[in-house]
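J.: Dumping what Swiss-Prot says about this protein:
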type    : residues         : note
BINDING : H118, H122, H128 : Zn(2+) binding site
Amino acid sequence: MSIEVSNESGMDISEPELISVARFVIARMDVHPAAELSMVLVDSATMADLHVRWMDLPGPTDVMSFPMDELEPGGRPDSPEPGPSMLGDIVLCPSFAADQADKAGHSLAHELALLTVHGVLHLLGYDHAEPEEEKEMFGLQNSLLEEWYEDLRRIDREAALAERDQKLLGKTGFVDGVDR
């Protein structure tokens with residue numbers, strides 16, 4: 001799975017975190033492992049231009065998704081085909097997202113993770129134009145985001161235990177005599 005991030009926003013954003021959440025969602029949604037995703041972070045003016053050009057709506061927005069192939073929600077796992085080689089592009093506007101994060105009372109990092117999940121789901125064919133679609137998509141979005149956070153906590157716990165074990169074993173000399 002290849003995920004490329006291009007930060008043209010002028011803001012300091014954790015690209016590895018965006019890649020992590022995108023990779024998690026793509027894997028959890030059973031997208032073929034050869035799939036590729038491109039993410040671009042832009043400033044408000046660029047996002048406003050894209051928003052008018054593609055959605056005919058004024059002003060910037062938080063996230064836009066540009067799928068390469070039309071996919072049906074939930075259609076990927078049962079598909080006999082290996083899946084698209086390129087899922088598409090996600091465009092994020094960190095400055096717009098920062099305002100949303102402030103209003104929601106959480107961090108910009110959390111907002112960008114949420115928007116990344118949202119963008120990937122759009123690439124996979126999910127939408128929220130109708131109330132039932134919105135309920136399904138936002139429920140899945142929140143569930144995936146929470147699963148990703150739990151996965152990060154698990155990884156942190158395992159790393160802390162491994163570090164503790166390394167210190168304990170290193171002090172007793174067990175590690176020094178073991179072939180690696």
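The backbone N, Cα and C atoms fix where each Cβ goes, and this holds for glycine too.
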J.: What is the Cβ neighbour count of H128 (Zn(2+) binding site) at a 10 Å cut-off, with all protein chains included?
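T.: Within a 10 Å radius of the Cβ of H128 (Zn(2+) binding site) lie 16 other Cβ atoms.
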J.: Is H118 (Zn(2+) binding site) helix, strand or coil when read with DSSP?
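T.: Reduced to three states, the DSSP call for H118 (Zn(2+) binding site) is helix.
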J.: What other residues of the same chain, not counting H118, H122, H128, have a CB atom within 8 A of the CB centroid of the Zn(2+) site?
T.: V63, S65, G119, L121, Y126, D127, M137, Q141
J.: Name, in the order they occur in the sequence, the residues of the same chain whose CB lies under 8 A from the CB of H122 (Zn(2+) binding site) and which sit 6 or more residues away.
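T.: Residues satisfying the criterion: S65, P67, I90.
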J.: Give the number of CB atoms, excluding that of H118 (Zn(2+) binding site) itself, located within 10 Å of its CB.
T.: 23
